[in-house]
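What follows is one structure encoded as structure tokens, with my remarks underneath.
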Amino acid sequence: MNPNQKIITIGSVSLTIATVCFLMQIAILATTVTLHFKQNECNPPANNQVVPCEPIIIERNITEIVYLNNITIEKEVCPEVAEYRNWSKPQCQITGFAPFSKDNSVRLSAGGDIWVTREPYVSCDPGKCYQFALGQGTTLDNKHSNGTIHDRIPHRTLLMNELGVPFHLGTKQVCIAWSSSSCHDGKAWLHVCVTGDDRNATASFIYDGMLVDSIGSWSQNILRTQESECVCINGTCTVVMTDGSASGNADTRVLFIREGKIIHISPLSGSAQHIEECSCYPRYPDVRCVCRDNWKGSNRPVIDIKMADYSINSGYVCSGLVGDTPRSDDSSSNSNCRDPNNERGNPGVKGWAFDNGDDVWMGRTISKDSRSGYETFRVIGGWTTPNSKSQVNRQVIVDSNNWSGYSGIFSVEGKSCINRCFYVELIRGRPQETRVWWTSNSIVVFCGTSGTYGTGSWPDGANINFMPI
């Protein structure tokens, strides 16, 4: 082979090798791009709506990649699409309640800037629980705290913090309110906020941080709502509101709200005579509330709300061990499941109970005359049998030598069941403790447990002599 032929042969081989390498690089590039976009794909929702995919974590090689086995594929993780809550899981079977949270707000107020509050409650979104309360527009160590025993002033606002975080100066004021309710539908928070003149108040409906709807007083006598969480099922939320006399005939209505917009209003029906400050919980596919009769009964009213057709029915908790304060002695108290018992019906206190088959779990003050102490127990047959009085699983939450106050229920969805929890308002200051001019509270929170538990007492714990006057 002459020199020219050698040169041509070497050149041809080199060109062939270069062409093969070039084609391999194109194949590698095509494979990389294809794999990248396959990693990037999101499964569309059932209704075929377009869902944008936002990058969460992207891992990259910092050098040029030549060989496929050295390539790190960029992977973008698509966020889960929020869904409405339906609360379709069964209720957890429990043996009692275990301690969950305590905020110690009043004790901390002795040396820190903590809001003056009352009417607290707890509610949870799908991932976290929050505590709410109606602030008085002042901290405790502040001359404005003088006279905060009063319920309705234009400076009251709804406060919201993560559960266990006291209401410090950085706390968010969600809305203007001297009566409120809040709940999360799975996508966003709904807040029902009542404020204004006693004879012409306004309820604002705030959804996902925006004012969406409102309604004015319909009886011109202190429009008011639950002071605990509302309940949302499949995107429709329901809240109980009352306008009218606190010790006589009043007009109670059940409102149905979707993404902040009122879609239906149902009047109260059934045998309940007076409804205030309901504690509501999901009972799929419906909602059930246990309330306060401030007029005729120390047995608690029950409202059953049908979400499908907006129908309402009502009666009273059957247990003869009644839940309101003041009340008659347990040996003489009564309830027939249908009517108020006409036993020390006025005034009353916000409370809770929930059904467990034929039984009822309930909480109440230990004192039958005042808001002191707090206990929980289960009454055998207490949901279905008139005047049932067989009590089991009693627990002391706050001993009888310490003040309690309002209490209410909230629900938490677990992996396999829905747990019931409750909070107790621990009121301090006036009217019982006249050394100081203010009225405020802390809270203690318990949740249902299927395990064992011990004993104790969890009062507010502030020494009133250490507190600002």
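Along the chain as shown, the residues are counted starting at 1.
Glycine residues also receive a Cβ, built from the backbone N, Cα and C atoms like all the rest.
Note that the structure is a prediction, hence the values are computed from the model and not measured.
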Identify which of Cys183, Cys278, Cys280 is listed by Swiss-Prot as the disulfide partner of Cys230.
Cys183
Going by Swiss-Prot, which one of Cys278, Cys318 is joined to Cys291 by a disulfide bond?
Cys278
Swiss-Prot records Asp293, Gly297 as Ca(2+)-binding residues. Which of Asp286, Asp309, Asp324 is assigned to the same site?
Asp324
Between the Cα atoms of Arg292 (substrate binding site) and Cys92 (disulfide bond), what distance do you get, rounded to the nearest Å?
25
Say we define neighbours as other CB atoms within 10 Å of the CB. Which of the disulfide-bonded residues Cys129, Cys318 has the fewest?
Cys129
Quick one: what's DSSP say for Asp151 (active site, proton donor/acceptor), helix, strand or coil?
coil
Around Tyr406 (active site, nucleophile), how many other C-beta atoms are within 10 angstroms of its C-beta?
25
Counted with DSSP (H/G/I as helix, E/B as strand, rest coil), the region 'Disordered' (324-349) has 0 helix, 0 strand, 26 coil
Would you say which of the binding-site residues Arg118, Arg152 has the most Cβ atoms within 10 Å of its own Cβ?
Arg118
